[in-house]
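First the structure, in the form of structure tokens, and then the observations on it.
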Amino acid sequence: MWSCMTNFFTYETTKSVVVKSWTIGIINRVVQLLIITYFIGWVFLYEKAYQVRDTAIESSVMTKVKGFGIYNNKVMDVADYVTPTQGASVFCIITKLITTENQVQGYCPEGYTYFSFILCFCFFCSGILTGRCVPFNTTIKMCEIKGWCPAEIDTIKTTPMMEVENFTIFIKNSIRFPYFNYTKGNFLPNITADYIKKCSFDMDNNIYCPIFRVGDVVRYAQQNFTKLAHQGGVIGIKIGWMCDLDKADDQCNPSYSFTRLDAMSQKNIVSPGYNFRFAKYFKMENGTDYRTLVKAYAIRFDVLVNGNAGRFDMIPTLINMVAAFTSVGVVSFTFILDKTKEKGSVWTRIFFFYSLIDQKMLLFM
């Protein structure tokens, strides 16, 4: 017991040995130089370890679409082809419609698709099956359903509204980094009312213009507009805010990128593209409800906002500086002298090992 207490209250020091060797000295300094270069170049300059960072970005997005198109000899405006109408961060521009008009509640044969012989078959029915087969026409029989009649036939070939390619999307984005209470928007100080009326986003010349031509967005996402207009799809408009708050305020600007979000649907032959259904309801004079069912093919746009901000802070600066100095000081060389006598001569083999504390380095990986 007494010996344990004696050993506990002891103080140990390391023994220093000066090795006068050019080779070992050069290796030692080179390794130390590499460590210093790593901390200065990567940790401090590139990773900005002297900053405290805020990644909890708060964002608000408002959108507007403008343009006129012609579909089935009818002029279509924003109220006809944009849904939802509130101008949210997710919206659709309808490119193609399949319309089933004057549907009322009742009994009728299921819609006829791909069959040219007498058949009673139902796949993805438009109503509740009654269990009976009824004539669809003089040669075809189909399953009878109870629901909205006549049943939808969604295999009709229609031409999409190609004018959508020249429609414009206006995006207004406001962001806030709550840790720093820093707010910014994609309307930069040099953007004026006259500039907004004339500008169109361009990757080379107008990278901060908040007005985007649909055809350009599709092209930047590396997609074919004609195919997209026929089948529909989902395009992502990404707004990135990477802000160094140690610099001037005008250095914190948005960056835009574009991608196809439903890329897997392009490889899916069962349900390619993007479409949805909605109905417009009416009432006859006798009180009977009827509706117009619309199957819409659309290009859906998702505006996605991400970002982080950093600002100098003394605490992370001191922590990383101490870690840097500790890592440099922990360089040690251990020499194992193995003296071997061979034919009267003494050979000294020197092995040296460079050791680093891995836990220190992991702080900056």
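Yeah, the Cβs are placed from backbone N, Cα and C, and that goes for glycine too.
Those TrEMBL annotations? Automatic predictions, nothing curated.
The following features are taken from TrEMBL:
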type	residues	note
TRANSMEM	26-45	transmembrane segment
BINDING	K64, V65, K66, T168, N275, F276, R277, K295	ATP binding site
DISULFID	C108-C149	disulfide bond
TRANSMEM	112-131	transmembrane segment
DISULFID	C120-C143	disulfide bond
CARBOHYD	N166	N-linked glycosylation site
DISULFID	C199-C209	disulfide bond
DISULFID	C243-C252	disulfide bond
TRANSMEM	318-337	transmembrane segment
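Distribution of TrEMBL features across the structure.
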{"residue": "K64", "record": "ATP binding site", "Cβ within 10 Å": "14"}
{"residue": "V65", "record": "ATP binding site", "Cβ within 10 Å": "21"}
{"residue": "C143", "record": "disulfide bond", "Cβ within 10 Å": "21"}
{"residue": "N166", "record": "N-linked glycosylation site", "Cβ within 10 Å": "13"}
{"residue": "T168", "record": "ATP binding site", "Cβ within 10 Å": "17"}
{"residue": "C209", "record": "disulfide bond", "Cβ within 10 Å": "20"}
{"residue": "C243", "record": "disulfide bond", "Cβ within 10 Å": "23"}
{"residue": "C252", "record": "disulfide bond", "Cβ within 10 Å": "19"}
{"residue": "F276", "record": "ATP binding site", "Cβ within 10 Å": "14"}
{"residue": "K295", "record": "ATP binding site", "Cβ within 10 Å": "18"}
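Of all the disulfide-bonded residues listed here (C108, C143, C149, C243), C149 has the Cα closest to the Cα of F276 (ATP binding site). Between the C-alpha atoms of the residue listed as 'N-linked glycosylation site' and K66 (ATP binding site), the distance comes to 9 Å. When the Cα positions of K64, V65, K66, T168, N275, F276, R277, K295 are compared pair by pair, the longest gap among these ATP-binding residues is 24 Å. In terms of C-alpha distance, the listed binding-site residues K66, T168, N275, R277, K295 place T168 closest to C243 (disulfide bond). C143 (disulfide bond) falls within a strand when secondary structure is assigned with DSSP.
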